[in-house]
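J.: What Swiss-Prot shows for this protein is this:
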- 21-40: transmembrane segment (TRANSMEM)
- 52-72: transmembrane segment (TRANSMEM)
- 77-97: transmembrane segment (TRANSMEM)
- 110-130: transmembrane segment (TRANSMEM)
- 139-159: transmembrane segment (TRANSMEM)
- 182-202: transmembrane segment (TRANSMEM)
- 206-226: transmembrane segment (TRANSMEM)
- 233-253: transmembrane segment (TRANSMEM)
Amino acid sequence: MASKTGSRRWMLQLIMQLGSVLLTRCPFWGCFSQLMLYAERAEARRKPDIPVPYLYFDMGAAVLCASFMSFGVKRRWFALGAALQLAISTYAAYVGGYVHYGDWLKVRMYSRTVAIIGGFLVLASGAGELYRRKPRSRSLQSTGQVFLGVYLVCVAYSLQHSKEDRLAYLNHLPGGELMVQLFFVLYGVLALAFLSGYYVTLAAQILAVLLPPVMLLIDGNVAYWHNTRRVEFWNQMKLLGESVGIFGAAVILATDG
């Protein structure tokens, strides 16, 4: 019995570490995909989301926070810094208005950003630490869970009100309209769990199972989004990387919630 308990705990710790790796490395992929995206835009004489002088500071801050989080040095503080950096850069891009996206794409982009910020707040609370020396901050974790709940509300909303998102699910998942409605209900129920703070671990476990097929079949079909929906290639790659980061946050809450 003791050996079974020990092996189960070891497996949970291993999965939790995997979630931490995926989430803490997310800013690296975000910076790389942004650089590639803005390089493509420069060839077409189009501006980046953030003016160039500030863009370098923004990416430098993101890489700095991600590096310290990855090495586990003051992870809580730098996770909080990463959340703040992402919030400021997203606000600057939104206010700047250099690039105009469709409403449905804005929801996809900003909802994922909100979820990643929530994941960093969960990490800043002390969740996902293998050897926790300080008590966990329940207020930070609750705030992060609310951000993840807001993301799920946006996804559920898009399934009902965005033609592009509905068609993506209809074209890539079996079951047709019934499957779309099933995902809508699942996203709604999971959102309620995260927003209310009840059954968070169970909700995170369900979300961790739900996200991989969605990432592989829908977000992972880059050619579909680029050719059919005119989403820039590296923008879709950035969204895919953020989905992986959200999966990492769900894994952390599922194993250490």
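Glycine is treated like the rest: Cβ placed from N, Cα and C.
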J.: Can the transmembrane segment (21-40) be said to touch the transmembrane segment (110-130) if we require at least 3 CB pairs below 8 Å and skip pairs under 6 apart in sequence?
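T.: Yes, these stretches are in contact.
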J.: What same-chain residues lie close to the transmembrane segment (77-97): Cβ under 8 Å, and 6 or more beyond its ends?
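T.: For the transmembrane segment (77-97), the nonlocal Cβ contacts are 24, 27, 49-51, 54, 58, 61-62, 64-66, 68-69, 110, 113, 116-117, 120-121, 123-124, 140.
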